[in-house]
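A quick write-up on the structure given underneath.
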Amino acid sequence: MCGIWALFGSDECLSVQCLSAMKIAHRGPDAFRFENVNGFTNCCFGFHRLAVVDQLYGMQPIRVKKFPYLWLCYNGEIYNFKQLQKQFGFDFQTLVDGEVILHLYNRGGIEQTASMLDGVFAFILLDTANRKVFLARDTYGVRPLFKVLTDDGFLGVCSEAKGLINLKHSTSLCSKVEPFLPGHYEVLDLKPSGKVASVELVKFHSCKDEPLHVVCDTVEALPSGFDLETVKSNIRILFENAVRKRLMAHRRIGCLLSGGLDSSLVAAVLLKLMKEMNINYPLQTFAIGMENSPDLLAARKVAAHIGSEHHEVILNTEEGIQAIEEVIFSLETYDITTVRASIGMYLVSKYIRKKTDSVVIFSGEGSDELTQGYIYFHKAPSPEEAAEESERLLKELYLFDVLRADRTTAAHGLELRVPFLDHRFTSYYLSLPAELRIPKNGIEKYLLRLSFEDSNLLPKEILWRPKEAFSDGLASVKKSWFSILQDYIDQQVDDLLLEKAAEKYPFNPPKTKESYYYRQIFEKHYSGRSSWLPHYWMPRWVKATDPSARTLKHYKSATQE
């Protein structure tokens, strides 16, 4: 996890522009560098480093003697860099995983480069010999990337939007900061003036397609066929492999543990592999919640079962409410459920940074979207429609759960790892018949649970624990976190303000006081940028006025039994 920033064709003095790059300093607390591009006085790179791999040679932009005309600034981890090095006989100059991007590009161009990377990444690659700039982002947008391109060819690129919104430019009125689309790369021509022109934007990978880098994966070809035992075995093998490859780090590894199925599975498999690999420190797991909340009690059970060094962060209402503004500033969104769920994650990340030496943090993000874990999937009209909805959610992860997970951890200089979003694991899961993936016997994620039933990785009551929305599991069963937030906000927003909300905010108008409150804070920091969120996250196939699972009938009946 790092912060990347670059400008091409700046009209303004670069030393003034560089102040904008400091807005993302939290992403790389270990070191930073600004570097001008030789021969282009109005182009530069900015880099904030979190040293996780190759402490000595990991500064960026990365340049190697073999390709003096290539400049690379990237944020992410390339898990298959050693396999690619072996397969193609690359001669590496550093131990940095990202160096493989330079070698792949030199060997086969940008399309092969993006398609062969197994990992999470956002990068800016400059080829001064051929006067090209390339931008690329991983399939699910696990690593963030924003860009601004003006009509006259000024380009700004940054890990977070806050590093671009105050840039100075002669035609800044027509510049629109927007997220760079996941699973795409863009080719831009670099003119002698340092300005750029976009040539093409290409989608290089779709979540359903098996990725090209499977050819050099450590797991060989798997048995085909859809009989249940084969499928269950393949799921276990691929998930374990997804966790194993993410153990690549020179810093201490920890794991978020809510006590739900997803984070518990990640923690259990992680601990098992750390023992196998003789990693000689205990795994630290982290849970947050109010006293005796469902999440804390469940996480305690899991930690005792797997034998982790467990940390509990007690959330008090006042602290949670006080964090709202910082959280919205970090997130760059006003989505209701994202803000709610981010408060706990932001505070537990703050604790990890202050009180422990864990830096690389594993988490269960992506499972709900992939394995149909949301409670509203019980209402899907057909298995095919449930499968379509699962794909839609995966495509939009970069706007919601992946955005939350990245920003709340990055705000405190932590690096997130999300094995459920492993390319090979997700493409296999999505290739399974739709009928196999739907909730069964009133239980969501049925296939995933069944796959690990005989593994003894988790206590049975955790493996089959019903879905608990993260923002709800934090609180007591009697009073949910979202109700506590709403009670507080009810006093902060006048009824009249809400009545006129659609006039004030015609795009995505707030329908509730809570929504209005978040929007006000968002506009304070990012005025006029509401289009970053195309729509609110809401459940499908049910008449919902609130995104919380606790408002759904199925949830109420499940919790009252």
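Cβ coordinates are placed from backbone N, Cα and C, and glycine is handled just like the others.
Nobody curates TrEMBL annotations by hand; they come from automatic prediction.
According to TrEMBL, the protein carries these features:
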{"type": "ACT_SITE", "residues": "Cys2", "note": "active site, for GATase activity"}
{"type": "BINDING", "residues": "Asp97", "note": "L-glutamine binding site"}
{"type": "BINDING", "residues": "Leu256, Ile288, Ser363, Gly364", "note": "ATP binding site"}
{"type": "DOMAIN", "residues": "2-191", "note": "domain 'Glutamine amidotransferase type-2'"}
{"type": "SITE", "residues": "Glu365", "note": "site 'Important for beta-aspartyl-AMP intermediate formation'"}
Taking only the Cα atoms, work out how far Asp97 (L-glutamine binding site) lies from Cys2 (active site, for GATase activity), in Å, as a whole number.
13
If you average the pLDDT over the domain 'Glutamine amidotransferase type-2' (2-191), what number do you get?
91
Determine the Cβ neighbour count for Glu365 (site 'Important for beta-aspartyl-AMP intermediate formation'): the number of other Cβ atoms within 10 Å of its Cβ.
28
Beyond Leu256, Ile288, Ser363, Gly364, what residues of that chain have CB atoms within 8 A of the centre of the ATP site's CB atoms?
Cys255, Leu257, Ser258, Ser263, Phe286, Met345, Val348, Ile361, Phe362, Glu365
Binding residues Leu256, Ile288, Ser363, Gly364 (ATP) - maximum C-alpha distance in whole Å
15
